[in-house]
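Everything below concerns the one structure shown next.
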Amino acid sequence: MATDTASPAVGLRSERGAILASLMLSTGLVALDSTIIATAVLTITDTLGGFAMFPWLFSIYLLAQAVTVPIYGKLADTVGRKPVILFGIAAFAAGSLLCGLATSMVALIAFRAIQGIGAGAIQPMTMVIAGDLYTLAERAKVQGYLAGVWASSAVLGPLLGGLFADHLSWRWIFLINLPLCAVAAAMLVRNFTESAVRRTQRIDYLGAVLLTVGAGALILALLEGGQAWQWTSPISVTLFAGSVAVLALFTIVEMRTPNPILPLWIFTRRVVVASSTVSLVVGAVVLGLTSYVPTFAQGVLGTTALVAGLAVGGLTLGWPLAATLSGRLYLRWGFRTSGVIGSTIAVLGCATTLLVGPQTSPWQIAASCFLIGAGMGLVASPTLIAAQASAEWHERGVVTSANMFARSLGSAVGVAVFGAIVNAGIHDPDHPAPGELAHGIHLVFIAVLAMAVVMLVAAATMPGGIRRPE
């Protein structure tokens, strides 16, 4: 477990370098597979058919990942981090193999769900293990490494997907994961040893089922509402009503069970609530920028796909750079001050997007995205680290997974809100006029700014001092 005393340097050549390399590789695989199929969709549907179902290749992966995160967090606090992340890597590898062998679109979608189940364990466990192994002074640098890998993998995904689809086979998009998963697992098995005492507790199976069903229905309704079906359609109303009913029942069950899958005490700790609120807003803001900045660049400014990607790439450049430097800030001034400074920078960056118009240079947009990314790096990592620092070993998995789940929920909320804003002003969704698109995305930028202000308020509500049990 981490301490706050001097320890070996952080890096791939350090004593813990093999573990860090495994965490970075695992993180990269999860991020890569969230975007790698974007440029191979037509090639895949030419082989398997089912073009109308292809959006589910994205949705099912994100859905399965999001709803399982809280469950893995509790399991990590019960049986340990190592078994959970190794299970996640194994499930991700199995899903990748099955995806590579799929013979129909329905099968491919089902196997993407298995991939998502594995990713749901990998994503929070990399953060939890980093919180266990590294001191407060070191974690910011580690978070910078992980954020950099996530950002670069997500950006490289479409490029690699296109290369595989054009020059090898789209199946290699998935099969390439197998040796990489094997390497990541082998490094963890060989180098990662947990020293904390595990607690023998009865697993809350009913709570796990209710949380999965309730959260799954809510996120599915947000992801597909207004796209696959109308917001007022029977299926949309049923999903929303069902999610509310199931989550209400889940709350009652969790209040009565001695070992809840999602302990309700996390909603009573200011630092955890503030951190999760920041994470939720981060998920929405990032979704809004990564979805609509490229659309604006191509549909309004008339740039190429490459230039559009570079415009939003400022976000993925500023984030890891700032996250790496955030440690100095929060160690000197505290988590709340770091979060407020980062949120303020993000708010200013979002405000500059309101100046964007049909004559704007793509590089001006890239500068705005860089500023927003820098702000995110100074608020997202420190608030997560603050929440982890407030938790004992047997609570850290739940605290971290709550943060990760909030980000996934924020992304789903972003899909719903921003999609509704843009679609409301477009008469022909298949061929939107540049003027309509510009107006709709300008409204999205206003909504993103409003959310950034909410993030600033959440960061300001963090307690000034964080209890550190380590």
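Glycine is no exception: its Cβ is also placed from the backbone N, Cα and C atoms.
Keep in mind that TrEMBL annotations are predicted by a computer and have not been checked by a curator.
Feature annotation from TrEMBL assigns domain 'Major facilitator superfamily (MFS) profile' to 19-467. The average pLDDT computed over the domain 'Major facilitator superfamily (MFS) profile' (19-467) stands at 86.
Here the transmembrane segment (20-44) has Cβ contacts under 8 Å with residues 10-12, 14, 54, 57-58, 61-62, 65, 85, 88-89, 92, 96, 105, 108, 115, 119, 122-123, 126, 129-130, 142, 145-146, 149-162, 164-166, 170, 173-174, 177, 180-181, 183-185, 187-188, 191-192 of the same chain, all six or more residues outside its ends. Feature annotation from TrEMBL assigns transmembrane segment to 20-44 (among others).
The transmembrane segment annotation in TrEMBL covers 50-72 (among others). Sequence-distant neighbours of the transmembrane segment (50-72) (same chain, 6+ residues past either end, Cβ-Cβ under 8 Å): 30, 33-34, 37-38, 41, 44, 84, 88, 104-106, 108-110, 112-117, 119-121, 123-125, 208, 211-212, 215-216, 219-220, 223-224, 227-228, 261-262, 397-398, 401-402, 404-405, 408-409, 411-412.
Per TrEMBL, the feature transmembrane segment maps to 84-111 (among others). If you look at the transmembrane segment (84-111), the same-chain residues 6 or more away from its ends with a CB under 8 A from one of its CBs are 26, 29-30, 33, 44-45, 48-50, 53-54, 56-57, 60, 72, 75-76, 117-122, 125-126, 129, 171-175, 177-178, 181-182, 184-185, 188-189, 397.
Residues 1-5, 7, 10, 16, 19-20, 23, 26-27, 29-30, 33-34, 61, 64-69, 71-73, 76, 81, 84-85, 87-95, 143, 146, 192, 194, 196, 327, 330-331, 384-385, 388-389, 393, 396-397, 400-401, 403-404, 468, 470 of the same chain lie 6 or more positions beyond the ends of the transmembrane segment (117-137) yet place their CB under 8 Å from a CB of it. As annotated by TrEMBL, transmembrane segment applies to 117-137 (among others).
If you look up TrEMBL, you'll see 144-164 (among others) marked as transmembrane segment.
TrEMBL lists 170-193 (among others) with the feature transmembrane segment.
The transmembrane segment annotation in TrEMBL covers 205-223 (among others).
Marked as transmembrane segment by TrEMBL: 229-250 (among others). Proximity of distant same-chain residues to the transmembrane segment (229-250), defined by a Cβ-Cβ separation under 8 Å and at least 6 residues beyond the stretch ends, is recorded for 207, 210-211, 213-215, 217-218, 220-221, 262, 420.
What TrEMBL lists as transmembrane segment is 271-293 (among others). The list of residues near the transmembrane segment (271-293) in space but at least 6 beyond its ends in sequence, with Cβ under 8 angstroms from a Cβ of it, reads 308, 311-312, 315, 335, 339, 343, 346, 350, 365, 369, 372, 376, 379-380, 383-384, 386-387, 390-391, 399, 402-415, 417-418, 422, 441, 444-445, 447-448, 451-452, 454-455, 458-459, 461-463, 466.
Residues or ranges marked as transmembrane segment in TrEMBL: 299-321 (among others). Among residues of the same chain six or more beyond the transmembrane segment (299-321), those with a C-beta under 8 A of the stretch's C-beta atoms are 144-145, 147-148, 151-152, 154-155, 158, 286, 289-290, 293, 358, 360, 362-363, 365-377, 380, 432, 434, 437-438, 441.
Per TrEMBL, the feature transmembrane segment maps to 363-387 (among others).
Look at TrEMBL and you will find 408-426 (among others) tagged as transmembrane segment. Away from its own ends, the transmembrane segment (408-426) comes close to residues 62, 65-66, 69, 215, 218-219, 222-223, 225-227, 231, 279-288, 291-292, 432-433, 436-437, 439-441, 443-444, 447 of its chain (Cβ-Cβ under 8 Å, at least six residues beyond either end).
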Under an 8 Å Cβ to Cβ limit, what residues of the same chain, 6 or more beyond the ends of the transmembrane segment (144-164), are close to it? 20, 23-24, 27-29, 31-40, 126-127, 130, 170, 172-173, 176, 309, 313, 315-317, 319-321, 323-326, 377, 380-381
Give the nonlocal contacts of the transmembrane segment (363-387) in its own chain as ranges (CB under 8 Å, at least six residues past its ends). 127, 131, 136, 139-140, 143-144, 147, 271-272, 274-276, 278-279, 282, 285-286, 289, 293, 296-297, 310-326, 329-330, 335, 338-339, 341-350, 352-353, 355-356, 399-400, 402-403, 452, 455, 459, 462, 466
